[in-house]
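These notes concern the structure reproduced below.
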Amino acid sequence: MSTHHHHEIPNLRTLLGSRRGGGTRGRGRGRGPPGSSHEGNEAARDNAVRNTDQDAAGSRVSCVKLGYLLDPYAQFFAIQPSTRRLPLLNRGTYVRTSAIDLLVDRFMTIAPDAPKQIVSLGAGTDTRFFRLRDKYPEATIIYHEIDFPANTTAKLNSIQRHAQLYSKLRTTPPSSPLALESMASSYHSPTYNIHALDLRTLAIFEDGQLPSLPNLDPSTPTLILSEMCLVYLQASVVSKILSAFLDRYVPAPTPISLVLYEPILPNDAFGRTMISNLSTRDIHLPTLATYPKLADERLRLKSQGFSNGFKAADTDFIWREWVSEDEKERVAGLEMLDELEELELLLRHYCIAWGWRDGGEGGLFTTAWKDTRQQEEG
Amino acid sequence: MSSGGSDLDKAIAQLRACRPIPENQVREVCYKARELLIEEGNVVTVDAPVTICGDIHGQFHDLMELFRVGGDVPDTNYLFMGDFVDRGFYSLESFLLLLCLKVRYPDRITLIRGNHESRQITTVYGFYDECLRKYGSANVWRHCCEVFDYLALGALVIGASTTLTPTDGPPAPTNTTQLAPLDSEIEIETLNAANEIMYRYARDSSQASNSQQPSTQSPSASSPTIPTPSNIGPAGTSATSSSSGSPGTPGGAILCVHGGLSPLIDTIDKIRLLDRKQEVPHEGAMCDLLWSDPDEIDGWGLSPRGAGFLFGADIVKCFNYKNDLSLIARAHQLVMEGFKEMFESSIVTVWSAPNYCYRCGNVAAILELEEDGSNAGFVRRSNGERGAGAGGWILGSNVGPNTSNRHSSPGAGNGNGNGNANRLGALTDSVPQRRRDGPGRRYRVFEAAPQDSRGMPAKKPVADYFL
Ligand SMILES: [Mn+2]
């Protein structure tokens, strides 16, 4: 699926075996002709990828320790002792996480008694499910995470090791860990599901059967999250994956929405530098070139079938407009931040895009997100 | 090293190759630097010609590129406006090289303090960790921090010419505007690293207006381009259209400070009176000078940085008038074009760290001020504070440390009556404010050093992104 394989469907058996780039929150996902390198290289890459996955978990812990985020679960997924991150990165992690939290909260609180379904693509070590269980103990949530087996296995291991985690998986907290095999890569329950799966397998349903996603309910309003995940795939593959959800897994008239967090503006000086820096780490962002601006993100959501709403804002706008003055003051007071101009540059180069199809159920997402302001320009 | 010369030259050679020097040598250099710096006033007087530089932030390879573009020490006089350390991977080598050059050529290089020259900030932003990594202990960091406490808070450049001698170079291929003719009074030149002229504006030229926005391209095709300036004049300038200067007329002095102004400081003399030999405080005048930023506001505003203030055009113009300044040069803020003039060229930001943090994609700039011809016979002296009776070159209220009779001697100024605060108040009301002509300004714009820089340890562009 690198450029010379542009429209080819990957050989999935090889892909699943090699799991190249399958480690961190979607990093490197879906690139490169797998199996073409030596075993040693593959192992080294896997290792590097796992380290960066831990880096992401460490970033979250850094934010939690300094008071940016409230997340008692982040520490359980960070294996290495966390180092304090630069204020700029803490602020960026804060904006990203709280922006998605805000959209999710408005989804959760609209018709609070109705069941809700969330599908987190490339969830990695994300803790959102556990936080939602605490915040909405009465809600009916069907939560799904899809990631490579290497990630899901590690995650399940962490969950099994900590009562604070596995106790959240059931309504009646069990006195013992989940009865899972030590190398289990998937977990299924009416509430929480971890699917060990290469996302790209969802893109080939025209040619065959869609993979089964146990407990994915076709009639429950569904929110799909892609935090730095789909951006690593070719646009044509992304489109097919989304169609699988829109048309097959959660067909109309069930309300369905997508929230994207990913970079924008690849063509200015900062964007070009970002692409060049990441490519030296063998990280490529195919859809960034396809959807360079906020307007492209909106249009793409619309043409994908999220026809009732298609909005986008960069994270600089979100920091300024979504975060309350009190909260801004609180966060600004956590650390002295000397990197203002750099922070603004960085925040302007990431966006949240959100689109929805309400179907016939009285505009659930339209209502939930009616007060969520998007950026007019861009 | 105690014998001076050759040991120091060896240390300089080693540092130029981006190799740290031994801990005992660091201690010695720091001790000597402190002995020098302790003699400097809070505001160092510097004669033009001088090249003014902004933040370096440990980007050693780019500092070498700066010297390549701007000329080497001691051939070129330099004034660095702080933030030598943190963020980049070679804070130690960068700062120690500058410090060694300061000890070796004290009259040729001036270092003033940035907000990162602080114990607290360096523990968050990398310099502390770097010292620990490179020496295995915090001793070197401690030695450096002691030097930080002695760095001057500002500099006053005097004797700068209001017009530039035009550079004898070809127009840059990217130049899209008419260059001012060579026989006009050149106010601004912008050159790329290849010494090609990107812009040249005459002082009375209609080209020097904000309305004209030449589109700029990269000086070299392979690297990040210079984005088209948006809210600023040609390539970061907001050139003036005043035509009152004549060649060789000395303009007002240029105040150089890392951040900006302070609501507690209305005259340069008040800076001179501060007790600077300490860690940068969290608030107060000293903190503000190192942390504040100019902004498009009226008066003063709270800074989103959590330290210092924002200040508007009115504040700058009033301060400049009161202190007989023609320009404030400051650093502290990343500008993608390398420099940015604001408030009708009354203040300029100079940024000298290209591709900041190996991530931002910006170009860097340095600002050259030429010597005024009429000052040619003036004897260069060391960077020590100019005494009140040191000679005929007394600017405004900047007559030196002896300020006890300031308010009772209105004649202490240079004849413009700026020495007396009370009298100034009356003047600003009754006399139409005519700005001093700014100095002629030559900006040299440069990009990040190439990846494989001349056999030095590699750059490490492992910039973080949200992935
Ligand atoms: Mn600074």
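Each residue, glycine too, has its Cβ placed from N, Cα and C.
TrEMBL names A:G122, A:D198, A:L199, A:E227 for binding S-adenosyl-L-methionine. Of A:R96, A:R106, A:R248, the residue it gives for the same site is A:R96. Classification of A:L199 (S-adenosyl-L-methionine binding site) by DSSP places it within a helix. The subset of binding-site residues A:R96, A:G122, A:D198, A:L199, A:E227 lying near chain B, with Cβ atoms under 8 Å apart, consists of A:R96.
Each of the binding-site residues A:D198, A:E227 was ranked by the number of other C-beta atoms within 10 Å, and first place falls to A:E227. Close contacts with ligand 1, defined as a Cβ under 6 Å from any of its atoms, occur at none of the binding-site residues A:R96, A:G122, A:D198, A:L199, A:E227. A:G122 (S-adenosyl-L-methionine binding site) counts 26 other C-beta atoms within 10 Å of its own C-beta, drawing on all protein chains shown. DSSP assigns A:G122 (S-adenosyl-L-methionine binding site) to coil in the three-state reduction, outside any helix or strand.
According to DSSP, A:E227 (S-adenosyl-L-methionine binding site) sits within a strand segment. Of all Cα pairs drawn from A:R96, A:G122, A:D198, A:L199, A:E227, which the record names as binding S-adenosyl-L-methionine, the longest spans 25 Å. Just so you know, the Cβ of A:R96 (S-adenosyl-L-methionine binding site) picks up 20 other Cβ atoms within 10 Å once every protein chain is counted.
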